[in-house]
Amino acid sequence: MSMGDRTFSRRSVLTGSLAAAGTALVASCGNSPSGGDAQTQGSAESGVINVWGAITLDRGVQELLDAFAAKYPDIQVNYEQFPNNTDGNLKLDTSLQGGAPVDVFFSYGAAAVARRTEAGYALDLTELAQSMPEAEPFTSSDPQRTALFDDKLFAIPTVYNPYLVYLNQDMLDAAGIDVPFDWTIEEFHEIATELTAGGFAESATYKSLPLAGMELGGDSQFAAGGESSSFDLPIWKQQFDLELAMEQDGTLFPMEQVLAQRVDLYAQSYFLGGQHAFYLDNPATLRFVKDLENYPHDFRTTFRPMPYLERGGQQWNTGSYEDAVQINANTSYPEAAKTFVQFWLQDGSEFMQTAGKVPSSLGPGQGAAAEALFPRLLGDDYEDLFDTDALTQVAFADDIQMSVTTITTALTEIANLRSSLTQQLRLGEISVDDMLGRLKAEADAAITTELAQG
Amino acid sequence: MTTTMERPIVGGAPPIKRRRLVYGMKWWVPWLFVAPALLGMVTFLLVPLLGGLLVSFTQWDVISGLDGIRWVGLDNFTTALTDPKFWAAAGRTVIYAGLSVPLTVALGLVIALALNRPIPGRGALRVIFFMPAVVNVIAVGSVWLLLLNPSSGLVNQGLRLLGWSEPPQWIASPDSALAALIIMAIWGGSGYISVIYVAALQEMPQDLYEAARLDGAGAIRQFVTITWPALLPMTMFLTITQLIGRSQTFGLIAYMTSGGPGDSTTVLSYYMYQNGFMYYRFGYAAAMGVLSMLGVLVMTLLLWRYQKGRSLYGDEDGNG
């Protein structure tokens, strides 16, 4: 094209466009992780901080923010709620990377914590945690607490999340079944069969038992060293044999209906609707059980530990300390951010109990302290709705061994592989041996690729 | 308005003063008028396109920022071309688009031919057929989840009434999930196609039909010799735009099946999403996007060449 003496050839337009694209790409990369060299402003009592969390304001966060504002009137808090899913987490990641105002953020799951910490967006919180009795235990190398990075703590868990079995007490009473607290895998399956065969429940459970996690702990999917997967271990065959058997005998909610109804996000409805006998989850589900408006039911919920691989044996609880709070290494208000994190872990934790969040300051063997949580955690009618003795005995048992995930290589990809192959297994498309063969090969390939990319 | 341009003195020659005008305006005035559109196009089209192309030659997880970008040349492309999951996803995309596009266009044409006749309630029917095109994909998906439930869904209840004792499990089976998505795509797209066809049919010269009738041509003969050739350019346009859209289908699959059961509905767009947004392999996802774009481009060119010279009025330039 030509304009007067100015001539723009196609080549020059293309070159210019490529240059512009390159510039835009560089610009879009925003700030690189600085590791805490941002200019600091404010103080421990003043500043403006932006907090990113997945819990909605109506589930205790607004009360917490109000209490914080009353105590620290000179710290302005802007709360940004993001959905804890692929899109929501990517939104937080790109905001961190792009330099958007994020001062405090929550990471859900080991992979998210590791990704943000390794990218340099997390401030070292070791000293802060050591200054608080609620968080101090997380600074030790206790393998049941949390993962450290280079012996430093970059994420403080805010929630104690042991895995439990919720049971419909009225259904068990009607069937005349007494479930022992030290029940085994075999007894779990037998009782499930009895309840479904007797017509007391449509299915016994929505979720299957994570036997490998119970035997191997938080890194159950990896061989020692983390350079390959562990799906060739016998415990995985035992896990999927049981899952397939339960699918086939109808004690497990049929995969066909899982897929047809897309129930993965509201599976608790079946337990609270009286169709299922058990529900396997952490205390987060307590909020649904007490919510009689959305989940009307009149049965009492009791609790048991996850069934034992061997009666009297020690095993891992597949829950963990979760909902980790982190401070952006690039925050302009590090002191105000620390004040907020401290408040959330201390005075603020009571407000989060309404959302089924048991504070991370509690743990195994602390049942006596836990009873003070019941009014907020379980609601006003808790005596009628819950077997609180069983809850205390199960959720705060002395012998609970919480698990910690320390290897996060290709964790999301392996989860997707497992999900895809489990669907095929339960739909009768492949055998357990085929499934495990493919899972081992594909998971190993994913780990190798991820490690090669650094 | 004038502008004066001076050239440098060469070999001692006297300076030449030239006045350059473009329609009586300085050279930059026309640029001023096109600047907003040009800026928008460069910012929102060209830069992202070329940016994506650049990313396809890198290994980048986004969160590491500039420090995390690593130039890998053609590695992402060679990885894709040797990745069996990429080819499987590409194959599913071809099946999905290859079946849903022609069937959508064909059904849209049939509906248009019906709605082009003077039937009672024609306007209301056009609105009804067009409705799926404007309804949110999540709402559409929710309704289809109910309809296609293997045991309680209306579709299978109807099929059982018709004597099919074991009807398909639809999205609950790897054997029928893609077929279910194709049916939904046809349902969702044919109304829109029919509205475009109706507009084209109403512009058809009626004297051609009158002449054909005088010559004794029946309805089928009229369709084959007049209607179809006249609609061919429109059909090609609709086919190409639908092909481009279907090769990028994402929302319905993400909501209805998340690529399952197994990998049975993991089409290319969903596989790219998995690699980019779930596994943070944006370079690899971008490379697959480039390969996908090239595939669609080749298909588009083939279709374009096919229709040239075949329409009632010659090629697209009117050179019959």
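Even glycines carry a Cβ here, placed using N, Cα and C.
TrEMBL does not curate its annotations; it predicts them automatically.
Residues or ranges marked as transmembrane segment by TrEMBL: B:27-50, B:94-115, B:127-147, B:177-201, B:222-244, B:282-304. According to TrEMBL, the domain 'ABC transmembrane type-1' annotation covers B:90-303.
Within its own chain, the transmembrane segment (B:127-147) is flanked in space by residues 111, 115, 153-155, 171, 180, 184, 187-192, 194-195, 251-252, 255-256, which lie at least six positions past its ends and keep a Cβ under 8 Å from the stretch. Counting same-chain residues at least six beyond the ends of the transmembrane segment (B:94-115), those with a Cβ under 8 angstroms from any Cβ of the stretch are 122, 125-126, 129, 178, 181-182, 185-186, 189-198, 201, 223, 227, 231, 235, 238-239, 242-243, 246-247, 249, 267.
Proximity of the transmembrane segment (B:222-244) to the transmembrane segment (B:27-50) is not established, fewer than 3 Cβ-Cβ distances being under 8 Å for residue pairs spaced 6 or more apart.
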